[in-house]
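Visitor: Dumping what TrEMBL says about this protein:
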type	residues	note
REGION	1-31	region 'Disordered'
COMPBIAS	12-23	compositional bias 'Pro residues'
TRANSMEM	61-80	transmembrane segment
TRANSMEM	116-135	transmembrane segment
TRANSMEM	156-174	transmembrane segment
TRANSMEM	180-199	transmembrane segment
TRANSMEM	241-262	transmembrane segment
TRANSMEM	384-406	transmembrane segment
TRANSMEM	412-431	transmembrane segment
TRANSMEM	443-462	transmembrane segment
TRANSMEM	482-501	transmembrane segment
Amino acid sequence: MGETENHHHHPPPPQAAAPPAAPPSLALSRGPTWTPAEQLHQLQYCIHSNPSWPQALLLAFQHYIVNLGTTVLIASNIVPLMGGTHGDKARVIQALLFMSSINTLLQTLIGSRLPTVMGASIAYTLPLFSIINDYNDEDFASPHDRFVHSMRTIQGSMIVSSFLNIILGYGRAWGELTRFFSPIVVVPVVCLVGLGLFARGFPLLGNCVEIGLPMLILLMICQQYLKRIHSRAHLILERFALLLCIGIVWAFAAILTVSGAYNNVKPATKQSCRTDRSFLMSSAPWIKIPYPFQWGTPIFRASHVFGMLGAALVSSAEQSTGTFFAAARLSGATAPPAHVLSRSIGLQGIGMLLEGLFGSLVGTTASVENVGLLGLTHIGSRRVVQISTAFMIFFSIFGKFGAFFASIPLPIFAAIYCILLGIVAASGITFIQFANSNSMRNIYVLGVSLFLGLSIPQYFVTSRTFDGHGPVRTNAVWFNDILNTIFSSHATVAIIVGTLLDNTLEANHVEDRGIPWWKPFQHSKGDVRTEEFYSYPLRINEYLPSRFL
């Protein structure tokens, strides 16, 4: 069969080339993509749920122990430089614990309403050095008189400086400033609230490695690994491993002390390792109730008042703001709105006024390590923190009992801080999920804020002389103290750098900065859960002006 010449073969019409097949998504082969979560779901008790009373009491005692470490550290470093005796140090610790309890109760009831312990703030160190240096050049009848004179000056400076935070808070100024924040700003601020306290971690632990390192390792093993042995062990070790490990290592330190292991070592090693070098048990009174003006009439000196203003701003605005965001995250609450941050800062100002009246050595701020304890135990209950104030009040009045726990060697606390401060820093990283982490613009803001937030304060700290003078040295001592204090704070630098960059650099889309997620939390009615987490108890809001709600 052949083709005839009249038979024509027509080729098929041309067809469009098929598009190349899309490459398979590698994300699908690597498992699911986790969606952003505003609240952590692994918590066993959130902000308004409560464990049983026996468990709540033990958990509250843990908060007291954790807060005690920073209190003893500050008093032990500062009081001897002021000329105070061991008895003076015991009274200072009692006053610090008493004011911590009052301010914690106020904040959890009518302040931030978050489960945050208000503890002694290390931000006041630089203004205290200025006061100490001024009185070192004056003649006093005894070192104790110099100590009392210094405490009266601290009282006067804190009383006047407290009005800065009262105005910033109840004037709503701080809340308006936080409206310029975004998740891109919150990440470095919260991270550096934890990372900025690295000096309280392994450097302090290293003063007595044979006690601090076993505490760190034992806590990690008990709390994270041994809890897998049995379901009952899981419950006990996850929540109370910290108390168990403190008891074991403290007993080990006491055995080393009694056996004479530290008889022929350096004085600094004895101070860090021995359990009988705090001298608090012998010097603390059996019963002593802190009362207003216990050191005498406050002394008001303008130079010291201005120097204290920088510390008040750093401790209340920066430290507490970053810690409040971490506390909300680790207690199962949503981000605190602007009006809640404002009223909490205002209440801290009132707390600082009370601290000046009662003669506290330093002001209080939201305790970073206690917020880390919320994440360690997976319990963010507000009631637990409120119960801890009862322990603070009891041990601040009955001095001998409080001195017993205050004699725990500081390297044991340092080992605890290595974990708790790391948890807080990591909680800050989680805020990046609400913004575009693939944006080069956001990477730039985060990187610069984090690096300068670490680097600038490190320069100010390393340039500080032994007597407390920082790199800013003009003829105006008060001006030096303000700038040296502000720029020695890691989170303060992160707030300044991050807010400026995030609000001035152009973003491709507003969603890149996480603004759609952030904006509802800036208004009291922006999120339906705000009332649930942050409303006043017992219908107090019905008796307050609306501007304070």
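Positions of Cβ are set from backbone N, Cα and C atoms, glycine also.
In terms of burial and nearby residues, how do these features look in this structure?
Guide: Below 8 angstroms of C-beta separation, residues 88-89, 92-93, 96-97, 100, 117, 119-120, 122, 125, 128, 132, 147, 200, 204, 240, 242-243, 246, 278, 361-362, 367, 369-370, 373, 377, 384-385, 388, 391-392, 395, 405-406, 408, 410, 413-414, 416-417, 420 of the same chain, each at least six residues beyond the ends of the transmembrane segment (61-80), sit close to that stretch.
The list of residues near the transmembrane segment (116-135) in space but at least 6 beyond its ends in sequence, with Cβ under 8 angstroms from a Cβ of it, reads 63, 66-67, 70-71, 74, 78, 81-82, 96, 100, 103-104, 107-108, 146, 149-150, 153-154, 157, 197, 303-304, 307-308, 310-311, 314-315, 319-320, 323-324, 327, 348, 351, 361-367, 369-371, 385, 388, 464, 467-470, 477, 481, 484-485, 488-489.
Same-chain neighbours of the transmembrane segment (156-174): 127, 131, 298-301, 304-305, 307-309, 311-313, 316-317, 321, 338-339, 341-353, 355-357, 360, 363, 547-548, counting only residues six or more beyond its ends whose CB sits under 8 Å from a CB of the stretch.
Note on the transmembrane segment (482-501): residues 123, 126-127, 180-181, 184-185, 188-193, 195-196, 306-307, 309-311, 313-314, 318-319, 321-322, 444-446, 448-450, 452-454, 456-457, 460-461, 464, 470-472 of its chain, located 6 or more positions outside it, place their CB under 8 angstroms from a CB of the stretch.
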Visitor: Output the single range from 180-199, 241-262, 384-406, 443-462 maximising the number of Cβ pairs under 8 Å to the transmembrane segment (412-431).
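Guide: Between the stretches 180-199, 241-262, 384-406, 443-462, 180-199 has the largest tally.
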